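J.: My questions will all concern the structure given below.
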Amino acid sequence: MAKALNGVRILDFTHVQSGPTCTQLLAWFGADVIKVERPGTGDITRGQLQDVPNADSLYFTMLNHNKRSITLDAKNPKGKEVLTALIKSCDVMVENFAPGVLDRMGFSWENIQKINPKLIVASIKGFGPGPFEDCKVYENVAQCTGGSASTTGFRDGLPLVTGAQIGDSGTGLHLALGIVTALFHRTHSGKGQRVTVAMQDSVLNLCRVKMRDQQRLAHGPLKEYSQFGEGIPFGDATPRAGNDSGGGQPGRILKCKGWETDPNAYIYFITQAAVWEKICDVIGEPTWKTDPNYAKPGARLPRLNEIFGRIEQWTMTKTKFEVMNICNPFDIPCGPILSMKEIAEDKSLYATGTLVEVDHPTRGKYISVGNPIKLSDSPADVRRSPLLGEHTDEILRDVLKFSESQVSDIRSSGALGEVPLAAE
């Protein structure tokens, strides 16, 4: 079955996480992604957090499925010729270099347009134009500057970064959408364009409800926040709210049976107004359905600590899965805190392709996250990540149509890596 992006060729000049997240998603959808890597070392993540000796790390393999790898020294004159040929033959170039790197390599936007006016150049930067645009950004820096850290954690504690990679992977996902949009636009315009996503912007986009709350503060306290019920005044910025729900429906993480020894024996429980009476019945407080102190959402807001304390008394008598089984038939929204071990052992996730087992020639089998986006007519298969330079000759011959003598000249120039010494 043909894939959605069959026929789209992508020159992948990305490394670490943000860019590879983008290009891997496009590869899953069928694009031919050619990953350009530095001879000898390749993407730095090949050797980072290595768990199996002499094998690519999971950090690399889980972000570079379905790609081809070519090693290339772009500073070498022959290497620059190869790169120019790749630019001519590709539809998209994706890069997440520091600002100015492509220009210094001789591939400014103006020069790229001369080489291939239909090429889409997609870039990830830390910040957009402004006082910080030349600063280097990593995952946690993006979270801190994009509004996530200042609004995550508890009111009386430090700002916190989230375990989800919203800065790196979140930006990569935004860029993938931008690339597909630019490809569609090209069908009308016939021209390439630049697509740029800043990590700060991506994090802020995912924190839009906190910007919503920032503006609501001008009109009074945020009544769904715990501190309102505790009588604590609000400041002039959106506060950290612990595990309060961000959608206007009060919610908390509550202890379940076994919490004393199991760090994940918890459940997230939402006191949605539509099912309040069912909640009262489930926890054994039927009088709360008519008591004016509890019956209406507005009356409950100053009493959320008391209410969730009572619900927790009930959840502590059940496992998190028992709570789910009891609440789901009543449409009471709740969800267990699942550990990565529990998720990795969930067979239903393998059935849907959300988790996949991948075999690798040097590290053996490992579990990876598959494509979270399911297309009915373009199912994604997950193939292993490439070894360093595995497809170099294939790309030179089959994609760029270089002759054997041309490939030999390129190799002997050192553009593909260290030149083997002649036998004595």
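Residue numbering: from 1, along the chain as shown.
Even glycines carry a Cβ here, placed using N, Cα and C.
Per Swiss-Prot, CoA binding site is recorded for Q17, S18, R38, N96, F97, A98, R104, K136, V137, Y138, E139. Annotated active site, nucleophile per Swiss-Prot: D168, in sequence order, evidence recorded as sequence analysis. As annotated by Swiss-Prot, substrate binding site applies to G247, G248, Q249.
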J.: Cβ-Cβ under 8 Å from G248 (substrate binding site), same chain, 6 or more residues apart: which ones?
T.: E224
J.: Including all protein chains shown, what's the count of other C-beta atoms within 10 A of the C-beta of G247 (substrate binding site)?
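T.: Other Cβ atoms found within 10 Å: 11.
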J.: Inside 8 A of the center formed by the CB atoms of G247, G248, Q249, which other residues of the chain have their CB, for the recorded substrate site?
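T.: Surrounding the site, in chain order, are E224, S245, G246, P250, G251, I270, Q272.
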J.: So if I measure Cβ to Cβ from Q249 (substrate binding site) and keep only same-chain residues at least 6 apart in sequence, which ones fall under 8 Å?
T.: E224, I270, T271, Q272, A273, P333
J.: Give me the non-local Cβ neighbours of F97 (CoA binding site): same chain, 6+ apart in sequence, Cβ-Cβ under 8 Å, ordered along the sequence.
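T.: Counting only residues 6 or more apart in sequence, the Cβ neighbours of F97 (CoA binding site) under 8 Å are F13, S123.
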J.: Can you give me the Cα-Cα distance between V137 (CoA binding site) and G247 (substrate binding site) in Å, rounded to a whole number?
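T.: It is 30 Å, counting Cα to Cα.
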J.: Any idea which of the binding-site residues Q17, R104 has the thinnest Cβ neighbourhood at 10 Å?
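T.: The binding-site residues Q17, R104 were compared, and R104 has the fewest Cβ atoms within 10 Å.
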J.: Using DSSP and three states only, what is Q17 (CoA binding site)?
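T.: Going by the DSSP assignment, Q17 (CoA binding site) belongs to neither helix nor strand, so it counts as coil.
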J.: Compute the C-alpha separation of E139 (CoA binding site) from the residue listed as 'active site, nucleophile', stating it in Å without decimals.
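T.: About 5 Å separate the Cα atoms of these two residues.
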J.: List nothing but the one residue from E139, D168 whose Cβ has the fewest other Cβ atoms within 10 Å; the candidates are the recorded positions.
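T.: Candidates: the recorded positions E139, D168. Fewest Cβ atoms within 10 Å: E139.
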